[in-house]
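Residues annotated as Ca(2+) 1 binding site in Swiss-Prot: Ser24, His29, Thr32, Glu37. Taken from Swiss-Prot, the feature Ca(2+) 2 binding site applies to Asp68, Asn70, Asp72, Gln74, Glu79, supported by similarity to another entry. Swiss-Prot lists 13-48 with the feature domain 'EF-hand 1', giving sequence analysis as the kind of evidence. Here Swiss-Prot flags Ala2 as N-acetylalanine, drawing on experimental evidence. For His107, the entry in Swiss-Prot reads pros-methylhistidine.
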Amino acid sequence: MANKAPSQMERSITTIIDTFHQYSRKEGHPDTLSKKEFRQMVEAQLATFMKKEKRNEALINDIMEDLDTNQDNQLSFEECMMLMAKLIFACHEKLHENNPRGHGHSHGKGCGK
């Protein structure tokens, strides 16, 4: 039996994991993001979704502090995924924002547009 190609969602999950590791292994522990790595990832990978936040160093620091639940000044993959979940939820809501059908179910242009 031939291997089935990964689905779009499976590829998206793999991309998120790979992107996290692309930044997490730059300095310190290879499986956590330092403040510098987190800022670099937000600026490069979330530039459209977080365009206001990425220009504000203090806001980036506040976001990291909120995500850093064990207060070790690093973000584990799990802690970082809390941000991804919030962004996905906010993006979903934004897609429905101007739709007269609400969640009835058509999507607009997308987040960051």
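Including glycine, each Cβ sits where the backbone N, Cα and C put it.
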Same-chain residues at least 6 apart in sequence whose Cβ lies under 8 Å from His29 (Ca(2+) 1 binding site): Gln74
Number of other Cβ atoms within 10 Å of the Cβ of Asp72 (Ca(2+) 2 binding site) across all protein chains: 11
Residue pair Asp68 (Ca(2+) 2 binding site), Glu37 (Ca(2+) 1 binding site) - Cα distance, angstrom, rounded: 14
Helix, strand and coil residues within the domain 'EF-hand 1' (13-48) as assigned by DSSP: 23 helix, 2 strand, 11 coil
Sequence-distant neighbours of Asn70 (Ca(2+) 2 binding site) in its chain (C-beta under 8 A, six or more apart): Ser76, Glu79
Pairwise CA distance, Glu37 (Ca(2+) 1 binding site) versus Asp72 (Ca(2+) 2 binding site), rounded so that it is a whole Å: 14
Reduced DSSP assignment, Glu79 (Ca(2+) 2 binding site): helix
Separation of alpha carbons, Asp72 (Ca(2+) 2 binding site) and Ser24 (Ca(2+) 1 binding site) (Å): 15
Number of other Cβ atoms within 10 Å of the Cβ of Glu37 (Ca(2+) 1 binding site) across all protein chains: 21
Cα separation, Thr32 (Ca(2+) 1 binding site) to Asp72 (Ca(2+) 2 binding site) (Å, whole number): 10
